[in-house]
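Student: According to TrEMBL, the record shows the following:
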{"type": "DOMAIN", "residues": "45-300", "note": "domain 'G-protein coupled receptors family 1 profile'"}
{"type": "TRANSMEM", "residues": "30-53", "note": "transmembrane segment"}
{"type": "TRANSMEM", "residues": "65-83", "note": "transmembrane segment"}
{"type": "TRANSMEM", "residues": "103-123", "note": "transmembrane segment"}
{"type": "TRANSMEM", "residues": "144-164", "note": "transmembrane segment"}
{"type": "TRANSMEM", "residues": "184-213", "note": "transmembrane segment"}
{"type": "TRANSMEM", "residues": "239-260", "note": "transmembrane segment"}
{"type": "TRANSMEM", "residues": "280-303", "note": "transmembrane segment"}
Amino acid sequence: MDGFNTSSIIYNVSTNVTDVNRSLAPAEILLIYILPIIIFVGLFGNVASFVVFLDKELRHISSSVYIMAVLCSDTGMLLNQTLVWLEALRINPWFGQGMCKLFVFSGFVFAFLSEWYVVCITVENYVTLRHPTKIKTLCTIRRAVIVTTSLATLAVSSYFIYLFTTGTDNGYCNNNMTSKLEQIYFYVDNIATLLLPTIVVFVLLAAIVLQVIKSIKSKRRMSLSKTNKKKSSIPQVRVAKMLFVLSISAFVLSTPDHVVKLYFSMSGLIFLKLTETQKLTFLVFMFLYYTRFSTKFFILIAFSKNFRKKLLSKIKCDKNLYDMVQSKESSAVHHVATNTSPTS
């Protein structure tokens, strides 16, 4: 059963990429030239962002736990896509059953986690803006660690079956589930990875926007100025704008892809039987979805003053370390050259 859910499309495109390239020149451009740009820009940005969030000041904010978690899952998705790119280049990436199993399993796991970690970020922001008095009890490091770990455990245990039902067949990575079991997983994954997180994020974002509008129109801002100053000193409040942009960007980039996949899935269509226009539309929306895994670094730079400060500090520190090492190496070379030079 060929599904159009977030995770299984990775599997479908990778196994059918040759047919897609033959029928659609734009698809070949997307897969061979655009995909590696998304992958490598995203990998660099995600790793750099993760390193910055290891800073002592940043990692002691509960929202940072969710951001670091989503950076990890996004990185996993991008690494997963390198195999799709290799397939598009006619390089067989399936170096055995193990690679095939890992590809499909990790694709499902990371897609699930990326969706639900964004939900966590949105919930954190919702609590911050709608229920600021509950920040100290609900937005804690301990709670964030428990939630992210629990979601990771749920994802691994839910999709663990793919390590046993996936294998290579004539050089392609195929799923060997029974049709009944595959249908169950298909619908469950559609709900868990596409429908439910999209609805939750939409409702929470709508509530956040309404709260912001209400705050702007409030006639009591002058009398609450002291309270607002106290709120602004809370770390979660200071990063509220950045969290909102992270959530809404993920929502905007994902929703067209999710809607199209759900429509095609519920219609009983399969990828290779779509019209040329449908295939191209599908792939464009899918690549728009892929960009959500590689844009967070730029969002953090644009909307987080503290992130920019820590990033520049990290760059300066690394530059100073590099200059120090270079200076020591130059001194060592000069010392050796002086000792080995002939005496007059």
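Every residue gets a Cβ built from N, Cα and C, even glycine.
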Student: Quickly jot the same-chain residues contacting the transmembrane segment (239-260) by Cβ under 8 Å, restricted to those at least six beyond its ends, or write none.
Tutor: 4, 6, 61, 63, 67, 115, 118, 121-122, 124-125, 128-129, 194-195, 198, 201-202, 204-205, 208, 281-282, 285-286, 288-289, 291-292, 295-296, 299-300, 302-304, 306-307
Student: For the transmembrane segment (30-53) and the transmembrane segment (280-303), decide whether they are in contact, meaning at least 3 CB pairs lie under 8 A, counting pairs 6 or more apart in sequence.
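Tutor: Answer yes: the transmembrane segment (30-53) meets the transmembrane segment (280-303) with 3 or more Cβ pairs below 8 Å.
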Student: Take the transmembrane segment (103-123) and find every residue of the same chain, 6 or more past its ends, with a Cβ under 8 Å from one of its Cβ atoms.
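Tutor: Those are 6-8, 10-11, 14, 63, 66-67, 69-70, 73-74, 76-77, 79-80, 83, 93-94, 144, 147-148, 151-152, 155-156, 158-160, 162-163, 166, 173, 175, 189, 192-194, 197-198, 200-201, 204-205, 208, 243, 246-247, 250-251, 254, 292-293, in sequence order.
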Student: Most CB pairs under 8 Å with the transmembrane segment (65-83): which of 144-164, 184-213, 280-303?
Tutor: 280-303
